[in-house]
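Asker: Questions regarding the structure given below will be posed in turn.
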């Protein structure tokens, strides 16, 4: 358990000004019961979760990366006739029937390598018309840790999608959540021969927990320790029906696309770094660039733990000065 703790210390040092992946309003943990077979999420439990809507109808989920950017999947925008001006993004709420905070979209950017046949490269970005205002109910999610931890302590998905796999009209107006466990890629390949290395699988043992229609684009979020930051590991993409026992859901592996996200954000003039931090402040940009070039981040595998310890100590001393 030492390595994940060190990783979190480094992440916290790097992201002290970002406050991504935190849940300021959600201060208690409740046990899940038995969106398929889900439980209603608590207010502020997933403050990075957004509803993507057309004509006031929810059709896909997404997550907040920064004040300008929403992350989702490409297949939600496969219909060429869908215009950015038709979209609204609702933030800061679990209940879609309440008076919403809605934001307009100026640009839809699908990954050019998206393949509808096998759902490879199923990722997209939405550029907002105006920047988000962060608060207790509106918080960006952290992008994946580097290096990846050996295991995640806890993972969840949430959404407003179908809650009954036999009734496609059973869309929820309340945000529902289900626990998830990431499955070994080789094991999942046996069930899904079309699986690519840009995909991961997640389920919860033999339970029928799953995402479904309307949940696509929502985040799979994980944490390494209780009470620590949350990181988006995957994006809800596809699966074999909904909640079918023995068949996990398929998610886009977010770690494969951090460079793509950064490039798109820079091209559009609204850059962010790998952790979802806005880079409008040039001073912070320079600091992040220096950190990215630090020798401690290029250590041999055998020296990883000592390097991370040294790096965290140096950063703490630097901040103290």
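Any Cβ shown, glycine's included, is placed from N, Cα and C.
Owing to the predicted nature of the structure, the values given are computational and were not obtained by experimental measurement.
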Asker: Suppose you had to name the range Swiss-Prot annotates as region 'Disordered'; which of 250-271, 272-293 would you pick?
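Answerer: In Swiss-Prot, the region 'Disordered' feature sits at 272-293.
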Asker: Tell me which residue from 164, 206 Swiss-Prot records as N-linked glycosylation site.
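Answerer: Among 164, 206, the residue Swiss-Prot annotates as N-linked glycosylation site is 164.
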Asker: Give the helix, strand or coil assignment DSSP yields for residue 75 (active site, charge relay system).
Answerer: helix
Asker: Under a criterion of Cβ-Cβ distance under 8 Å and sequence separation of at least 6, what residues of the same chain contact residue 76 (disulfide bond)?
Answerer: 52, 59, 60, 124, 216, 217
Asker: Determine, using Cα-Cα distances only, which of these recorded positions is closest to residue 222 (disulfide bond): 75, 122, 188, 201.
Answerer: 201
Asker: Helix, strand or coil by DSSP: which one applies to residue 201 (disulfide bond)?
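Answerer: Its secondary structure by DSSP: strand.
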Asker: Checking your reading of the structure: which of the recorded positions 75, 188, 201 lie inside a 10 Å Cα sphere centred on residue 122 (active site, charge relay system)?
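Answerer: Hits: 75.
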